[in-house]
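Working notes for the structure below.
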């Protein structure tokens, strides 16, 4: 499903001084460990292609913190395809600690001012920090309203990241002594309703990494000797050279503080709750090589393929022993599920669609470019598809922009005689208020055919298939998700397929979304419309 945008991704790395040298250091040594940060960001580029940035700490330069951020991919922002320019940038940003970010705009405009990290300069080192954030606060408008209530504060940007930055700054301004960052985090996040993973770096050389109490957003880390590193996905740490069993997931509601003098410290900053990990990480967003909360993304997707195979046998719509029947994945995130489904059914899995890797992910791109890119995104191979009965495996369908265009091309260009769409996910029937750019209910395709509970029936699936231009269509039931990921259902956030949200404001916003269904209030994204409605009540 190439039409979903994730919120963002974060990464951080720190090499403590006076404690030896980590083997992952480049030839430039621990004082330039920041050189590894762009590589880590490249590994999580799948989480956002709109903007990128990094902040570094070096106690021996006038600018204790230095930040570079801009619109563009990691390669573009850090000039990685131009050796001399990249080297110049890495020298200017050299430091023994760094935090970084890749962004897609779920909140705020598509311009450089919204690129992260956000740096707050101050004459007092303890009040000078840089900060980046992955997630979405469902009560963003309420927090904004509270901050501006006294008339003494001003917000320059329309993003929850700025709200968090100012809340941190406000607490720092109230303290005359050096703060304990865990205590600051407790106070800042006490009023949050939403999902977040964050990284913060101070001009005194402290680094703070935190994950929301429900664990909705992932955060993985490694601590080995003098080195600490973390990222939204384990693949960024794996590719630094660490073994899989060395990489851990930060427990929900916990923070890690790296102090240049005291070293590594992990502490809980919020009361424990039942985890509510976003199931879409395993279905679509995460790199297939990642492991999140001890569950492999690849194995989860292969398990989804087995679920599809079981459902296909029961459905009985496609002759599985016909030599003209083939399985074709929609590249790239559907491949593991398609391979597994094909293996279980003893049907050939063929590469019938070639993805243009320079077209971008249409769900990672902004809405205006989405439809135009969908048609050019995949090239059907006539040599594979002509005259075939194609079982087309897709990871999910949100708006159907890509699917409509794709089915036409598979028939017209590929020459397939039948197309049977199989979706390795339940219908997306509800918006997300926690950092995925899924807009109002009206802009989702599934609610036009299914109840808001996501219950499946053959007639509704066939109606949707007819409208899309497929011969048949079948989704997986909600119950298949927990089985595939191998986590208890109560440990997953499945709000977008059930309408049951893990936070009070999220559930309230969904009710407003249902009330506004068909109203076409304006062109804002759902969370902007609905949070404003909450604030006005």
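Any Cβ shown, glycine's included, is placed from N, Cα and C.
So that you can see what the record holds, here are the features copied from TrEMBL:
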ACT_SITE  8  active site, nucleophile
DOMAIN    8-261  domain 'Glutamine amidotransferase type-2'
BINDING   278, 432, 493, 496  [4Fe-4S] cluster binding site
Specify the secondary structure state of residue 432 ([4Fe-4S] cluster binding site) as given by DSSP, simplified to three classes. coil
The number of other Cβ atoms within 10 Å of the Cβ of residue 496 ([4Fe-4S] cluster binding site), counted over all protein chains shown, is 28
Which value does the mean pLDDT take for the domain 'Glutamine amidotransferase type-2' (8-261) in this predicted structure? 94
Neighbour count (Cβ, 10 Å) for residue 432 ([4Fe-4S] cluster binding site): 26
Which of these binding-site residues has the least crowded Cβ, counting other Cβ atoms within 10 Å: 278, 493? 493
Looking only at C-alpha atoms, tell me how far residue 496 ([4Fe-4S] cluster binding site) is from residue 8 (active site, nucleophile), rounded to the nearest Å. 18
From the Cα of the residue listed as 'active site, nucleophile' across to the Cα of residue 278 ([4Fe-4S] cluster binding site), what is the distance in angstrom? 14
